[in-house]
Structure formats: C-alpha cells, structure tokens
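Noted in Swiss-Prot for the protein shown:
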ACT_SITE  TYR224  active site, proton acceptor
BINDING   LEU17, GLY18, GLU37, GLN121, LEU145, ASP308  FAD binding site
BINDING   GLY317  aklavinone binding site
REGION    402-428  region 'Disordered'
Amino acid sequence: MALTKPDVDVLVVGGGLGGLSTALFLARRGARVLLVERHASTSVLPKAAGQNPRTMELFRFGGVADEILATDDIRGAQGDFTIKVVERVGGRVPAQLRESFEELVGATEQCTPMPWALAPQDRVEPVLVAHAAKHGAEIRFATELTSFQAGDDGVTARLRDLGTGAESTVSARYLVAADGPRSAIRESLGITRHGHGTLAHFMGVIFEADLTAVVPPGSTGWYYLQHPDFTGTFGPTDRPNRHTFYVRYDPERGERPEDYTPQRCTELIRLAVDAPGLVPDILDIQAWDMAAYIADRWREGPVLLVGDAAKVTPPTGGMGGNTAIGHGFDVAWKLAAVLRGEAGERLLDSYGADGSLVSRLVVDESLAIYAQRMAPHLLGSVPEERGTAQVVLGFRYRSTAVAAEDDDPEPTEDPRRPSGRPGFRAPHVWIEQDGTRRSTVELFGDCWVLLAAPEGGAWGQAAARAARIWASASTSISSAAMSPPPPAN
C-alpha cells in the first residue's frame, strides 16, 4: 500500500475524553485531523467528573482551562468534599475518609499553579470539540469505522455515516484508536491485555429528585453504600437535584442487567436515601463492568491506542478520564514531532513505554482505593496506596526518549520535593520573566522549551539559531532566561 498524499495526517476513532484531547492537541500543532464518533453527539451523561491539577495544566496548554473552570458549577463546595462509607445516605457514618478537597489541595498546591476542578464529562467534551474545531480539526459524529488496512505508509479506513448509510474511504498517516475498553481496533490487531480483569458488575442510574432533606444543597460528598440488601455508591452532580446511583449486581447469583427496571431502581434508590415515598425521575440506566486492564502493546505500526482502549482502571480515585486526557496530550505532541520531521518513528515507541508505566501506577492506586472502600477482601493482594499527589504529579517517564542520568528504579517521587531529574514533570517554581511573576509550568505548551539560568546565554543563542533553522517547518522553539522572583510583599 502506498499513500503518497494521505487525506489527513491523523484519523482519530472515538470522541470521548481521550480522542477529543488527541484531536485538540494535534490540531493546535498544525496537524490535519479527522475525528469520527459513532454516537450522535458528545456524552449526555456526567460519567467521568473531576480534573486533577495535572489535567488542568494540560488544559491550560490546550487553551481550555478557563472555560473548563467556568463550567465547574460546584467548585465552590470543594472544601466540603468528603467520602463516607455508610449503610444509607444521611444515616450513621461508621467510616469517614478524610479526603476533602481542602486536604487534596494542601497536598498539591505547592506543586502546581493549577487548581483541582469538578467539571463533569458532559460539560467538558463540548469544550474540547469547539476548540479542536477552532484549530482546524474535523469532527464527525454519527460516523463509524467499518474497516481499515494498515501498512508502512499509513492507514486506509472505511467510514459509514450512520444517518445516511453512505460509506467513504479516508487515508491517514496515522490512526489513533480511542474507541473504548472493548476497542474493535485493538482486537483486530490482536493486541492482548493484562491485569486483574473484571472486578465487579454495576448498574449505573442517573435520576432527578429533591433530596435536600438528605443531601445538603451544594454538597459534593460521595457515599459508598454498604446496605444489607446491596452494595453501591451515591453522589450528586453539578445539576440541581440530579444524582448518580451505582448498584452492584452479581451474575453468579443469577442477577442480570435486565432485572434492573425503573421500578426496581426506584426501590433501591428509596432504600439508599431512606425515603420510602420518594418518586425519582429515572433518566438513564446502564450496565457497566469495573475492570483493570493494560494493553500489552500501545502501538502497532501506524496505529496507536489511547484512553480506555489502552488501559481500563477502576473509577475509584477518579483517575481514568484524567489519564485518557494525558494519553491524548502525549500521543499528540509525539505524532506532531514526527509529522513535522523533528523526530523519527522511534519516538512513537516511547509513547507506549511511558504510557503503560503511568497507567500501572494509576491502576494500582485505583485498585488500592477500591479495596479500601468497597472490597476489603482484596487488601493485601493489591499494592498499597502511594498517594494521589505522587501518582498525579510525581510520576517518571523512563523510555528511550528520556536522557536519564541515573538508574533509580523508583517510578515516582514526592512532587513537593522535586528533583528536576530527566523524566519527571518539570517542577513548579515561581520565576520572573519580563517583569512578570509566573510559574515555570506556564512556560510549556505547543513548542519545544529551553530553560536557562541568567548565565546560560550561550544556550539561549543556540535555541534562537535552531528556531531560525526550523522556522520553515512550522517548528517553534521557546527559550526562557529565568531569575528568582522578587520577594513577596
């Protein structure tokens, strides 16, 4: 197969958080991107809610951080965020996990200039779509991938418009598979997965009801329910009187998703909130599996995996959607570097090496939290918690793309005491640039960056020469001469 002039640089299949982030970050770097999503629109359900500071740093790079924070309607209540293990909402609290946003912020605020956020997925995805399109990405909803052929020169894909039935062919230099945990692309390539597998089966219910007598207005708490009749979770959303309820079911006991009718879910919600006369408005009921998997390969020729296609993690800890956004950022800048001629194909191999390492940290942390809150029988068989700050801000990349200067095997460090060694996230340090106090984190974004002390003039001159040489290739190099910030008044 010879693709001399592909229709697009990158075809992204799947319009969730991972796929949309990939499209946004690629488009910002000038790549020609087509994203197809089989659903008719972005998510209509809250799904993955919450953005950790690392994700907010990436969103700042993508130019969407302020807009995401503006959609975060319940952010003002972060200080009251608590996680309770209870029999029913509003009942006796045998265990309360001291995990308030105040404590989480305390563990990370000295490591980053960006805040935590609580925006739900149905608010985030439209923002990503709008900004990706603004930068030139083409987004097609109600469009599915029916088949593809991959070779050394790229990919030829067949697409079907689900509205009209019309089929078309598109050629691309690369294909990014963001088609979810049951990724048809991954399976067609024979890429296997490893991990703990399916941990539990749940029914997810979105409903509306006035629960102000049980849940204080504006509450952002999350409840793990250990009721005599069921195990589940309950939490509010950013919309008034809209709530989420997840209940575990067990196929080995003959329980089936179809058993959870609106009537049955109403009965369980009444038990969960101790309100026998409640009449909830059931908006959605969906079955889903809690699982832990990591793909054995993240790249097969011109095809790369992101999001749940690459790794699946329990939602405990809230890191699944955040990790998918991180995948999108990493795969985008590496693809863009190869497309621009700044790097060779081997750089793409480092994407899977680095991504799988961080995903192992995320899965292990999520499993530890799951065991603590919902599955005590797993305690001792899963790794101990490292802590959110270390996993989110203290991870280290160890691929061949990193010029490591030591052989320390530890995959994380305390981000409150950053070492600045190669492979770790650039430390957050307040500096003065052009008379303005800003964070070193704010210096990064869509281009290569050189940080130099005031005496590093030769490095700055070299960066300027490189920028002139690469100017015709749309490559951008930024250098920053740093000085300590002035003393705070």
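For all residues, glycine too, the Cβ spot is worked out from N, Cα and C.
Overlay of Swiss-Prot annotations on the structure.
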| residue | record | Cβ neighbours (10 Å) |
| --- | --- | --- |
| LEU17 | FAD binding site | 30 |
| GLY18 | FAD binding site | 31 |
| GLU37 | FAD binding site | 24 |
| GLN121 | FAD binding site | 18 |
| LEU145 | FAD binding site | 21 |
| TYR224 | active site, proton acceptor | 20 |
| ASP308 | FAD binding site | 27 |
| GLY317 | aklavinone binding site | 24 |
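Helix first, then strand, then coil: DSSP counts for the region 'Disordered' (402-428) stand at 0 helix, 2 strand, 25 coil. According to DSSP, GLU37 (FAD binding site) is assigned to a strand segment. Taken residue by residue with DSSP, the residue listed as 'aklavinone binding site' is part of neither helix nor strand, so it is coil.
Cα separation, GLU37 (FAD binding site) to GLY317 (aklavinone binding site), rounded: 27 Å. Note on proximity: among LEU17, GLY18, GLN121, ASP308, the binding-site residues of the record, the Cα nearest TYR224 (active site, proton acceptor) is that of GLN121. Between the CA atoms of GLN121 (FAD binding site) and the residue listed as 'aklavinone binding site' there is a gap of 16 Å, rounded to the nearest whole number.
The record assigns LEU17, GLY18, GLU37, GLN121, LEU145, ASP308 to the FAD binding site, and the maximum Cα to Cα distance across that set is 23 Å.
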